[in-house]
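Structure first, commentary second.
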């Protein structure tokens with residue numbers, strides 16, 4: 001998963017939010033700025049890096065401020081909008097300065113979310129470490145995580161509190177940011193909250209949390225974000241196809257049907273082989289019984305006499321018939337196998353075409369951003 005998905009829908013909605021924040025005062029309960037100007041302040045020189053001292057950990061409310069870059073808020077909101085009604089999750093990158101946590105950037109995680117919760121698995125942690133080693137400078141580090149609450153405000157649920165408390169105790173300083181994409185888009189104001197947990201008292205399972213004062217900032221390069229989005233228009237022919245998840249699901253079903261058909265054919269052939277063996281043993285027993293009876297009772301007719309060579313020939317014919325049975329596949333199985341294979345190839349070609357279009361889209365964005373420099 002890429003660190004940010006610039007889908008056309010997300011671009012338009014995020015651009016609308018940026019324009020609204022440039023024209024309207026951003027004094028809200030969660031994202032209020034001490035600056036009286038109506039624009040996001042431009043800060044090219046960030047506060048000095050001051051590590052989190054060990055003696056300061058005794059104060060659970062040491063951190064009171066959170067400085068978030070415009071780049072990070074844009075990526076978080078774009079990721080949350082792209083998730084729709086499903087919660088999304090990502091990591092925050094930055095550093096600390098006295099009682100302030102500075103969030104310079106963020107990146108999304110490949111997690112499985114629902115409408116009410118999001119869970120990170122082992123693959124997500126591996127991706128987090130690999131991304132950190134490849135794209136984040138040594139001066140910066142992970143300072144927290146973010147996730148979305150689509151339509152139900154910015155706060156920490158019980159699971160969020162447990163997650164934040166665990167990470168805060170293990171790798172403090174650690175911050176939790178919650179973004180509500182639906183309220184942000186409907187109100188044209190970024191609905192965001194930053195929180196930290198408080199230690200429990202008397203080993204009580206109930207853990208409380210407190211909000212941090214949020215201030216947004218941008219540098220001189222961030223000012224051109226809106227202009228780049230409004231200036232260049234992506235060809236609709238290379239937009240992302242919303243049917244990609246459904247296509248991946250259908251491709252997976254084709255593979256499952258293929259293995260299921262193979263399994264059914266194998267089990268049926270084995271059953272036929274077992275049945276033929278039972279029939280063969282029964283025939284041999286009957287022939288032995290007839291042979292013994294012909295030896296004990298004298299017969300005047302040679303037609304009723306069975307020779308040992310006849311029994312051996314019968315055994316060979318029975319064994320030959322038992323070997324021929326597995327070659328007879330289930331009626332219609334060959335047609336079903338060919339149909340599944342054809343459907344699989346068709347879905348694979350469609351998915352390949354989608355990936356080619358996405359690659360063309362990424363190349364287009366790269367050319368646009370390089371041309372603007």
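Using N, Cα and C of the backbone, Cβ positions are placed for all residues, glycine too.
According to Swiss-Prot:
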BINDING   147, 149, 160  Zn(2+) binding site
COMPBIAS  295-306  compositional bias 'Low complexity'
DOMAIN    66-201  domain 'MPN'
REGION    289-325  region 'Disordered'
MOTIF     147-160  motif 'JAMM motif'
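Candidate binding-site residues: 147, 149. Fewest other C-beta atoms within 10 angstroms, 149. If you take every residue in the motif 'JAMM motif' (147-160) and average the pLDDT, you get 86. Under DSSP, residue 147 (Zn(2+) binding site) is assigned to a strand (E or B) in the three-state scheme.
Around residue 160 (Zn(2+) binding site), the same-chain residues six or more apart in sequence whose CB sits under 8 Å from its CB are 147, 176, 178, listed in sequence order.
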